[in-house]
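Taken verbatim from Swiss-Prot:
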DOMAIN    23-153  domain 'N-acetylmuramoyl-L-alanine amidase'
REGION    175-201  region 'Disordered'
REGION    248-267  region 'Disordered'
Amino acid sequence: MVKYTVENKIIAGLPKGKLKGANFVIAHETANSKSTIDNEVSYMTRNWKNAFVTHFVGGGGRVVQVANVNYVSWGAGQYANSYSYAQVELCRTSNATTFKKDYEVYCQLLVDLAKKAGIPITLDSGSKTSDKGIKSHKWVADKLGGTTHQDPYAYLSSWGISKAQFASDLAKVSGGGNTGTAPAKPSTPAPKPSTPSTNLDKLGLVDYMNAKKMDSSYSNRDKLAKQYGIANYSGTASQNTTLLSKIKGGAPKPSTPAPKPSTSTAKKIYFPPNKGNWSVYPTNKAPVKANAIGAINPTKFGGLTYTIQKDRGNGVYEIQTDQFGRVQVYGAPSTGAVIKK
């Protein structure tokens, strides 16, 4: 059993929403290679109204708790949040020794939280909110929707840990005395095999693309979806299934040469880093505060630029985001947003 100390840094003022059921512990990773655990905690403390989880793991096996368990946290989308007993973020590192410690504690913490909630130590099993277990953010996106995130598998894979290995390590940790120590991991990143040992027919879109050494980022999947004629791609399970089928079928064959994009008419909207956050709204509802589904955070990225999908007038635009899909945003000049050609 791996020992760790929980650093209590509960964010003040968090809501205490009642769960519909303590069915999940959600496994995340931060997707920010340039940030530390302290930076992640600090950022979430300042911006919890956009999203928050319960725990961070990083910095060589440190655990920082920022929210109480057994309440609704806002880290996995509208369909999973109200069933999530806890949500855990694994911070990124480029140091092999640090990763080994982080991963060991990550597995132990996920198992410990699941046991406290009476949740079975299974990974990504089932397809409904009633199917209890430890769930990845990818499982939520693929099975429940409400999010397009695919973590933590790409990051774990970069250190030679497959989904099957992750599941095995969770099971070993759950055995307590049967493990003796935490699952042993290589001290250096394991090289990716030239030929995947996994049965490719059983892989989802992102895992399949990773196995084929393809760029599995949302932006590239969105690009491929357009090439294959999948309209309004937002990363839903059905769209991913269709895209996977088309990728397996070979390169797209347009009947006519694809026209070059017109740079003169494609306008973009720029959100500067020093003007705070911009709330986003569904495309089928009025862009008012009560309908906000989240916010984009230009400060975190030094500014953000999006192609305008549709100008709805009065300073309201439709944009395509990685986190929320296609949404409305209010970008009038008074907000500090800038329209560019």
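Using the three backbone atoms N, Cα and C, a Cβ is placed for every residue, glycine included.
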Secondary structure content of the domain 'N-acetylmuramoyl-L-alanine amidase' (23-153), with strand meaning DSSP E or B: 45 helix, 28 strand, 58 coil
Local confidence of the prediction over the domain 'N-acetylmuramoyl-L-alanine amidase' (23-153), expressed as mean pLDDT: 96
